[in-house]
Amino acid sequence: MEKTSTDAFPFTMNSSEKQETVCIFGTGDFGRSLALKMLQCGYSIVFGSRNPQKSSLLPNGAEVLSYSEAARKSDIIIIAVHREHYGFLTELTEVLKGKTLVDISNNLKINQYPESNAEYLAQLVPGAHVVKAFNTISAWALQSGALDANRQVFVCGNDSKAKQRVMDIVRTLGLTPLDQGSLMAAKEIENYPLQLFPMWKFPFYLSAFLCVFFFFYCVIRDIIYPYVNGGKDRTFRMAISIPNRVFPIAALTLLALVYLPGVIAAILQLYRGTKYRRFPDWLDHWMLCRKQLGLVALGFASLHVLYTLVIPIRYYVRWTIKNRTITQATAKREDPFSTSTAWLSDSYVALGILGFFLFVLLGITSLPSVSNTVNWREFRFVQSKLGYLTLILCTAHTMVYGGKRFLSPSSLIWYLPSAYVIALIIPCIVLVIKFVLVLPCIDKTLTRIRQGWERNAKPTLNGERYLKQSSVHLDSEL
């Protein structure tokens with residue numbers, strides 16, 4: 001889980017200092033929004049336009065000149081035009097020589113061109129210092145005030161001084177600059193805004209598969225089987241009853257899958273005897289998606305709570321209770337009170353409430369606005385220690401739900417066990433493996449490996465090893 005810095009806050013230049021002039025080529029929505037923000041922070045803005053006389057809707061205090069005239073006014077020029085219109089810059093090669101050009105453009109498709117727009121700009125104006133920045137910030141965010149993730153501005157460039165000047169401007173605007181290195185990173189930065197939930201695809205696809213699979217599994221047991229054997233129509237169960245079984249199953253399975261890659265990675269480290277070998281790509285991607293898996297699981301758990309709350313007002317439930325009451329009154333019969341059943345029922349509800357409470361706590365602490373207020377040890381404690389406690393409580397909640405019917409042959413329908421029994425497979429595997437890993441004899445070796453010890457260590461040249469970023473997160477979270 002990523003944690004962003006909060007040490008960059010908006011500030012305004014001292015009015016006694018000389019205003020720095022920034023030139024913006026282009027008078028579109030983003031150029032105007034950026035100019036307004038910079039004017040509010042004390043900068044002097046001059047626009048470069050192909051039709052200075054026709055430019056309108058510009059913020060008060062900004063000057064509008066031709067491209068060549070505007071370029072002479074400032075050493076920093078923000079190129080707020082599309083790549084297709086970069087051609088005019090070749091005519092300004094001499095004027096732009098030695099100046100800092102900030103490319104803020106994006107494309108319509110990922111990898112639309114062989115090279116990034118910033119690299120293409122550097123080829124057109126070889127004498128200028130090109131810096132990529134501001135392409136991940138929207139005009140709306142600049143106007144309304146960027147918060148949390150919208151504060152981040154990726155910056156890259158080959159000239160360190162030019163890049164530092166741009167990063168200073170970013171900080172002055174109240175944003176958080178993230179140095180991504182040389183201009184070679186521009187292509188990745190340009191692809192970033194075009195990606196649609198890149199880290200959410202796997203959790204969404206997996207959640208859809210689990211929901212579809214368990215929905216049809218429950219339909220076979222609860223609807224098709226009664227109809228085939230007794231001609232009973234139970235199709236109404238597809239509205240509330242079956243979803244209220246599918247959602248908790250999906251939540252528990254996804255929660256277990258949040259911690260499964262961690263134990264797999266620990267086993268790999270024990271087997272290899274080192275932490276300096278990279279994990280397989282599928283495992284690395286899985287670990288990077290753990291936050292998203294957990295939040296989707298929390299969503300399913302919340303749906304389960306809502307569906308459970310409406311059970312008493314369902315017609316089927318009210319009819320069943322009324323019919324049973326009338327039948328017992330007519331027959332002058334009553335069911336004896338069962339203490340064991342009461343214990344099972346109350347324990348089931350209590351475990352569910354505690355598990356959901358910790359589930360919500362995990363979700364809240366994963367939010368950047370909350371995680372930024374705690375130190376790493378506190379964050380690790382909540383996400384790891386309380387996370388496993390949540391998994392234990394939710395697994396116990398599911399087991400107690402089965403009660404005396406758990407693994408009973410009478411619960412089999414067409415040799416198919418109850419859906420909740422299948423849902424317990426992955427959580428139980430994760431908890432058993434985790435229990436083995438925390439045994440002193442194994443935990444001691446694993447701790448030494450994470451501290452740099454290698455089973456078959458050999459002398460190596462400096463720089464030959466490297467530690468993958470995901471392994472660093474793993475060491476601190478397990």
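Quick reminder: no glycine exception, Cβ is built from N, Cα and C everywhere.
The domain 'Pyrroline-5-carboxylate reductase catalytic N-terminal' annotation in TrEMBL covers 21-107. Mean per-residue pLDDT, taken over the domain 'Pyrroline-5-carboxylate reductase catalytic N-terminal' (21-107), amounts to 88.
Sequence annotations record features per position, and here TrEMBL assigns domain 'Ferric oxidoreductase' to 249-394.
Within the chain carrying the transmembrane segment (204-227), a Cβ under 8 angstroms from the stretch's Cβ atoms is held by residues 197, 233-235, 237-238, 241-243, 245-246, 249-250, 253-254, 257, 293, 296, 300, 413-414, 416, 418-419, 422-423, all 6 or more beyond its ends. Per TrEMBL, the feature transmembrane segment maps to 204-227 (among others).
According to TrEMBL, the transmembrane segment annotation covers 247-271 (among others).
Residues annotated as transmembrane segment in TrEMBL: 292-317 (among others). Beyond the ends of the transmembrane segment (292-317), by six or more residues, the same chain brings 199-200, 202-204, 206-207, 236, 240, 243-244, 247-248, 250-252, 254-255, 257-258, 356, 359-360, 362-363, 366, 394 to within a C-beta distance below 8 angstroms of the stretch.
Sequence-distant contacts of the transmembrane segment (347-365), counting only residues of its own chain at least 6 positions beyond either end whose CB sits under 8 Å from a CB of the stretch, comprise 251, 255, 294-295, 297-298, 301, 305, 371, 374, 379, 382-383, 386-387, 389-390, 393-394, 396-397, 400-401, 403. According to TrEMBL, the transmembrane segment annotation covers 347-365 (among others).
What TrEMBL records for 386-407 (among others) is transmembrane segment. Packing against the transmembrane segment (386-407) from elsewhere in the chain are residues 248, 251-252, 255-256, 258-259, 301, 341, 344, 347-348, 351-352, 354-355, 358-359, 361-362, 417-418, 420-421, 423-424, 427-428, 430-431, 434: each is 6 or more residues past its ends and has a CB under 8 Å from a CB in it.
Per TrEMBL, transmembrane segment is recorded for 419-442 (among others).
For the domain 'Pyrroline-5-carboxylate reductase catalytic N-terminal' (21-107), residue counts in helix, strand and coil come to 34 helix, 21 strand, 32 coil, using DSSP.
With DSSP states grouped into helix (H, G, I), strand (E, B) and coil, the domain 'Ferric oxidoreductase' (249-394) comes out at 122 helix, 0 strand, 24 coil.
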